[in-house]
Amino acid sequence: MNLFASLNQFSKNRISWLLLLLFVVFFEGAALFFQHVMMLSPCVMCIYERVAMLGVGGAALFGLIAPNNPLVRWLGLAAWGASAYKGLALSLQHVDYQFNPSPFATCDLFVTFPDWAPLNQWAPWMFEAYGDCSKIVWQFMTLSMPQWLVIIFAGNLVALAFIVIAQFFKSK
């Protein structure tokens, strides 16, 4: 139970939210490195997964505002959970496109963002897709990029679960 009390205290500290933000910056930087340096074309699913990761970053920024305020902290945790869950669902679907190809199950040809937030028009260098979702263009330790994203987003949800449980324990 000491672990949960420590996690509760840690979640009320700006450093915890800053670490989450740095995690997102690292992975977004890696995505841009793959795209612009290694010249790997991002697909539609890659862009949606990138947006989900940015959602985790937005949650981290929100939590940074006032981590001692329970409302702000819980809203940050909820946004983190929603973004990580959406990222996991997208990554699992992307893995399915890669390893169970079907002419009936394909990703869109173009990214579709709402009219009020056309990210691919505002920042095409980051949000424009021109790759094929079913192609495996990169692997590390025999896992494709979407498989790594499944691990990353699932890891986020596991970490989030521990932190949410810790909210019900008294701080040290």
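Counting begins at 1 with the first residue displayed.
The backbone N, Cα and C atoms fix where each Cβ goes, and this holds for glycine too.
Given the structure is predicted, the values throughout are model-derived calculations rather than measurements.
Now, the feature entries from Swiss-Prot:
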- 1-16: topological domain 'Cytoplasmic' (TOPO_DOM)
- 17-33: transmembrane segment (TRANSMEM)
- 34-51: topological domain 'Periplasmic' (TOPO_DOM)
- Cys43-Cys46: disulfide bond (DISULFID)
- 52-67: transmembrane segment (TRANSMEM)
- 68-74: topological domain 'Cytoplasmic' (TOPO_DOM)
- 75-92: transmembrane segment (TRANSMEM)
- 93-147: topological domain 'Periplasmic' (TOPO_DOM)
- Cys107-Cys133: disulfide bond (DISULFID)
- 148-166: transmembrane segment (TRANSMEM)
- 167-172: topological domain 'Cytoplasmic' (TOPO_DOM)
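Around Cys133 (disulfide bond), the same-chain residues six or more apart in sequence whose CB sits under 8 Å from its CB are Cys43, Val44, Met45, Cys46, His94, Tyr97, Gln98, Thr106, Cys107, listed in sequence order. Sorting the topological domain 'Periplasmic' (34-51) by DSSP state (H, G, I as helix; E, B as strand; all else coil) yields 11 helix, 0 strand, 7 coil. Sequence-distant contacts of the transmembrane segment (75-92), counting only residues of its own chain at least 6 positions beyond either end whose CB sits under 8 Å from a CB of the stretch, comprise 11, 17, 20, 45, 48-49, 52-56, 58-60, 62-63, 67, 146-147, 149-150, 152-154, 156-157, 160, 163-164, 167.
With the fewest other C-beta atoms within 10 Å around its C-beta, Cys107 stands out among the disulfide-bonded residues Cys43, Cys46, Cys107. Long-range contacts of the transmembrane segment (17-33) within the same chain: residues 42, 46, 50, 53-54, 56-57, 59-61, 63-64, 67, 76, 80, 126, 152, each at least 6 residues beyond the stretch ends and with a Cβ under 8 Å from a Cβ of the stretch.
Secondary structure by DSSP for the topological domain 'Cytoplasmic' (1-16): 13 helix, 0 strand, 3 coil. Across the topological domain 'Cytoplasmic' (68-74), the DSSP tally of helix, strand and coil residues reads 5 helix, 0 strand, 2 coil. Broken down with DSSP, the topological domain 'Periplasmic' (93-147) shows 18 helix, 6 strand, 31 coil. Residues 63-64, 67-68, 73, 77, 162-163, 165-172 of the same chain lie 6+ residues outside the topological domain 'Cytoplasmic' (1-16) yet bring a C-beta within less than 8 angstroms of a C-beta in it.
The topological domain 'Cytoplasmic' (68-74) scores a mean pLDDT of 89 in the predicted structure.
Counting same-chain residues at least six beyond the ends of the topological domain 'Periplasmic' (34-51), those with a Cβ under 8 angstroms from any Cβ of the stretch are 28, 87, 90-91, 93-94, 97, 107-111, 119-120, 125-133, 135, 137-138, 145-146, 149.
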